[in-house]
Amino acid sequence: MGCPAVEARRWGDMWLVVAFCLLGHGHAAVTKEEKAHLRSQVLEMFDHAYGNYMQHAYPADELMPLTCRGRIRGQEPSRGDVDDALGKFSLTLIDTLDTLVVLNKTKEFEDAVRKVITDVNLDNDIVVSVFETNIRVLGGLLGGHSVAIMLKENGDGMQWYNDELLHMAKELGYKLLPAFNTTSGLPYPRINLKFGIRRPEARTGTETDTCTACAGTMILEFAALSRFTGISVFEEHARKALDFLWDKRQRSSNLVGVTINIHTGDWVRKDSGVGAGIDSYYEYLLKAYVLLGDDSYLERFNTHYDAIMRYISQPPLLLDVHIHKPMLTARTWMDSLLAFFPGLQVLKGDIRPAIETHEMLYQVIKKHNFLPEAFTTDFRVHWAQHPLRPEFAESTYFLYKATGDPYYLEVGKTLIDNLNKYARVPCGFAAVKDVRTGSHEDRMDSFFLAEMFKYLYLLFSEREDLIFDIEDYIFTTEAHLLPLSLSTANPSSTKKNTTTQYTELDDSNFDWSCPNTQILFRNDPMYAQNIREPLKNVVDKNCPRSPSRLDEISGSGKMPPLRARDFMASNSEHLEILKKMGVSLIHLKDGRVQLVQHANQAASSIDAEDGLRFMQEMIELSSQQQKEQQLPPRAVQIVSHPFYGRVVLTAGPAQFGMDLSKHLAGAQGLVARAEPYSGCSDITNGQAIQGKIALMQRGQCMFAEKARNVQKAGAIGGIVIDDNEGSSSDTAPLFQMAGDGKSTDDVTIPMLFLFSKEGNIILDAIREYQQVEVLLSDKAKDRDLESESGEQKPVENDSQKQALEDLFMTPEEIAELLIVHEEESPVSQPEVPSSDSPSGGDRTSERDITPESQEHKTEETEHSPKDNVQTPPENSEDSTEEKMDNKVQPMESILADWKEDIEAFEMMEKDEL
């Protein structure tokens, strides 16, 4: 259920945006005692994560929290470009240095610095990301040096310190400099720490493209290194890269693209937004002005910010557009990295849109527990992963600092509760593989310790709780601390670019200092709440749609020339009507057609209105069909000893039987193998499966028949395991089990489908432990799930915590039983099946650093070996474009740009904040 969409129009193109309901509620203030309790809770969570890294992973780069071991590059299966952050230099330890001081753990900080000095080697024969190494390692060393000299000067320790971290930072800076050896001055995306660039042994240097954020997020760290050491070459190179990006902006829109050729300066990806691929470029322009005092950085930022608010911002949404056609949106989904932007707007002083976007993001979090990697404009999951990103916590902290509104303390409390409830595991905190099912990924990125706990601790801290004045520092994109005093220390010899022309802007909108908060808030404590109120139901959309121009047309008695429900792509008369309304059809390579409207191509303004109404009807019809035909994935959670809910398998749903989404308790019981294993005839071991969940093998009969047979024998649920040996949700679309063409109302038990790899997890557990109990549910339940015998209780003190950890499986057992789970199917603009549309499309895999599995769920009905598969209409333009050639098609420019949509996340990890 939800609010129907209402329309928004810009000349030349039309699209739909979401309506917002005016309904809100108040909140209670957080007391000082509660803040202290929450602050202590953050410290305990940090100790849990950091302690497990040091105990189980150090000196490895990162902790694998599910298997309780370190992630060492080359010893684990490659995850693609995400592994380029790992350089065998104890990444997590370096990234955490200044966090230790912020959290007042100075003794642990001294120990960590000594370990970095004695143990870390930066001269490894390994190819790393220039961007990630800069923000995480160079930034971590500089942040550690900054707080080390502060502690030494204040007499709070570190008296032995003699700039060792700075010397290491300088060594690393020189190792990164060869990356800038391009005709443009933009850095190569990767470099070999030992051999540099373009040597045979370097194994890198052939790349031609980089993301805007990758090239434009160097100035803070490199300038700080120059100011600390007096060596100007670092700041000069970073400044040259920024100058080049500024010069290559699209002059009419003042926007930059996502990906650029490092040799020619041509834009490879011409879409623009504030999320993945661009985000920290904007951030570093403004922060470079704050740190270095160079007015040109502020002028550039203001020019870009004006373009962002003019074209990209559609409060509370931030939608990507095309740099050469900024009135045309590039996609209908948003990525999670844009969550940093409200915090940047606070630094800019533009509070209202920051509050609006932050509230929208919070509503998404309240629905899914975490912010999915990407979500659509109607707030459905687009990519379901959540690698414990800190951007939303960052913006929450800055909004609280700007407004003092206790509401943001409640938001922070929600983040703490969700992390403990859904991400905490015995060996740290695990990334969420799928926010819908709660399944985990064996991953705890270094930025989780570098940023998340820093922002949460500061959110609940009073000034007296900190051992230094945090206002004397600026945060890098990785939340490392650089002192503002650097603006007067060893200024770079780089000359200011005096030839650059800046766009004339309204001075009233871009004061040289942040706007006066008294003017913004007018002493009104309800200011922020009044902005949030209209957005309270932005996700839970249960309000009526406001009358619109289209409603007036439909109520005027005028008969529309064509209704969406009547449209047939093979009807030439219908196609002629669409052409008159400015609606064109694009035939996709998988046999489907996609509708696009250009209002300026309509025969008249009335025809354009008819076309807009038709497009709205088609979107609503498509959405209705998706809801009817597609079910979200379900979860099979092993809850018996020694698993206790920590192994979650993503399962395909059935279109019949118990609806697990309406039965929150799910179905829990021991599992037993049915005989015959196919489940296609009367069950011969009825006593063995009575009151249990029956395991069956796919094939030989319809799914509904299997369900009826085990239900008749007394089973309380059923799991069908794929008979295709080696199949996995990693490599195959997730099935929906359909009925047999007859009424399935007689089936009342829940039925789920597992691929062979996931099913073998349960079968192996039965062989090992005999009695295996599972929970069938719509999503994974809390990891502190109590077993029937009550072995496991919530952790309330250290002794209970230790007792609990003793009950969990050993790392070896976890390693054997760990699996990878399926991703979310994208949702996008309406597409209608043509008369010759195939029943399904090919699966196209993506690199592992992105939400890699953009498969479409298919409905399975028939028997093995080749089951009949019913495929609902595809609903993702992005997945469609994945199947197209990589070359730009000589078609409408919008189609040429659409093919790039799915590539946006290929740079996701490279612009991590």
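Placed from the backbone N, Cα and C atoms, the Cβ positions cover glycine too.
For GLU132 (among others), the entry in Swiss-Prot reads active site, proton donor. Take the CB of GLU132 (active site, proton donor) and look out to 10 A: across all protein chains shown you find 26 other CB atoms.
Residues annotated as active site in Swiss-Prot, with similarity to another entry given as evidence: ASP279 (among others). Within 10 Å of the C-beta atom of ASP279 (active site) sit 28 other C-beta atoms, taking all shown protein chains into account.
For GLU373 (active site, proton donor), the count of additional Cβ atoms within 10 Å of its Cβ stands at 26 [all protein chains shown]. Secondary structure from DSSP puts GLU373 (active site, proton donor) in coil. Residues or ranges marked as active site, proton donor by Swiss-Prot: GLU373 (among others).
If you look up Swiss-Prot, you'll see GLU391 (among others) marked as active site, on the strength of similarity to another entry. The DSSP secondary structure for GLU391 (active site) is helix.
Look at THR477 (Ca(2+) binding site): DSSP puts it in coil. Taken from Swiss-Prot, the feature Ca(2+) binding site applies to THR477, supported by similarity to another entry.
For the domain 'PA' (660-766), the model's average pLDDT works out to 89. Feature annotation from Swiss-Prot assigns domain 'PA' to 660-766.
Feature annotation from Swiss-Prot assigns compositional bias 'Basic and acidic residues' to 843-866.
Look at Swiss-Prot and you will find 910-913 tagged as motif 'Prevents secretion from ER'.
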Pairwise CA distance, GLU373 (active site, proton donor) versus ASP279 (active site), rounded so that it is a whole Å: 15
Surrounding CB atoms that lie within 10 Å of the CB of THR477 (Ca(2+) binding site), all protein chains: 28
Euclidean distance between Cα atoms of ASP279 (active site) and THR477 (Ca(2+) binding site), Å: 10
CB contacts for GLU391 (active site) [other CB atoms within 10 A, all chains]: 26
Integer Å distance between the CA atoms belonging to GLU391 (active site) and ASP279 (active site): 11
Counts of helix, strand and coil residues, the domain 'PA' (660-766), according to DSSP: 28 helix, 24 strand, 55 coil
